């Protein structure tokens, strides 16, 4: 061997200098783990970019989506801290939990103690908190895909997640669906998706799943396939259930029950009440019904939007490890299809799952990648900016306009303001967006919980004969409100009441280009 070695070394320097090897530039050979995943999005910091992006997202969403973003969160939080507000029938019947409003109530309490509880901060800071949590979920989604599929797929998944119009529209709103989606993504990061063995850290994802169920019990629908998949692959199934699953779920439910018992003032289990009213009694159908195929033919198509083609392409590239995510998406759509009342936001928690398949599609495309990415960006931006800045903004502009009523002077001032909202029930925010105890009245519409066949809610009674309802509710001028708020289609029907009681139009606010039913293009404010 020495002779052979000598032949190869013939004519070469015999010094003992160490041989210098060429440094490989491929990331696969990089030993620098400090920056792994931190500077992975087009050369920038994923975390910093996500935070800035979601804060801008928060500021550029200035429209209303559904009543629950106020009436089931901020309105309750306002009442918890400032001792006045309005509790809808869900809270009187005990089907909503205080855990989610408590999150915002803590923010309100801190502002109150610091004497910074201005109405602007009370509206903005809860949404900023939601935006920061969403940014955290975006980062975790990026790291999840980077860990399982590599940096290229992670980059394009992150891109798809950020340019999704529906995520932009929903993620910073104070909806239980938004928090449910955030907790679902965070839980998915810790879920043992990439390995066949049970992680010792399963309690992390199980804790997040448990709190997602506390916030919104229907989160269990999304997680059932994933939980069964984990249990099926676990080496010690009994240990997973008894040492991690049951203790974590019990801790979350007991904590939630204690919070609810404190604020309800009685022993109550709201998760059971929620399922009983919405699943077994099907109370949701009171607020509208849709055909069984609505999610498959309309709802999912609208929510995923321009991403649909790349999502379908990504589904064809599904690896074994991600097959369970595709099953979860299909399962969720099918389960929700059996419910009579359907809404876009109900399937929002599976949208981040879809973005993983979209990322796999874009990473696989070569010749068409740039065109596809540009098309996604342009189409989603158009939808995001229109829905976030234009569509249904009137009700928020209205509450900003009414804030001047809070400037109540000394007793010699005019009569105490009272506002009557002649609009579909819960069309506007309430005390959480005024932050003063001005008298407010709106048309209520609780569902029939008594089983009466001839039940008609107050809103339906009003719209059946508006003048008759106004005459019976305000039989003399001394009882009249100082302000009346209505959508423009109602103006002609109650013009006799407005003119007869000397109401004059004080403001006219744009609401939407796409009026539907009793909702109009504009909102009118009349003052006596």
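The count begins at 1 with the first shown residue.
A Cβ is built for glycine as well, from the same backbone N, Cα and C atoms used for every other residue.
Checking the ranges 34-56, 57-79 against TrEMBL, the transmembrane segment annotation falls on 34-56.
Residue ranges 123-147, 148-172, 173-197, 248-272 are listed, and TrEMBL annotates 248-272 among them as transmembrane segment.
Between the listed ranges 292-312, 397-417, TrEMBL ties the annotation transmembrane segment to 292-312.
Matching 208-228, 418-438 against TrEMBL, the residues noted as transmembrane segment span 208-228. Within the set 346-363, 454-471, 472-489, 490-507, the record from TrEMBL flags 346-363 under the feature transmembrane segment. It is 324-340, from the ranges 324-340, 511-527, that TrEMBL records as transmembrane segment. Remote same-chain residues near the transmembrane segment (208-228) are listed as 97, 99-100, 176-177, 179-180, 183-184, 186-188, 190-191, 245, 248-249, 251-253, 255-256, 271, 274-275, 278, 324, 327-328, 331-332, 335-336, 346, 349-350 (criterion: CB distance under 8 Å, separation of at least six residues from the stretch ends). Taking every listed stretch (248-272, 292-312, 370-389) in turn, the largest tally of C-beta pairs under 8 A with the transmembrane segment (346-363) is reached by 292-312.
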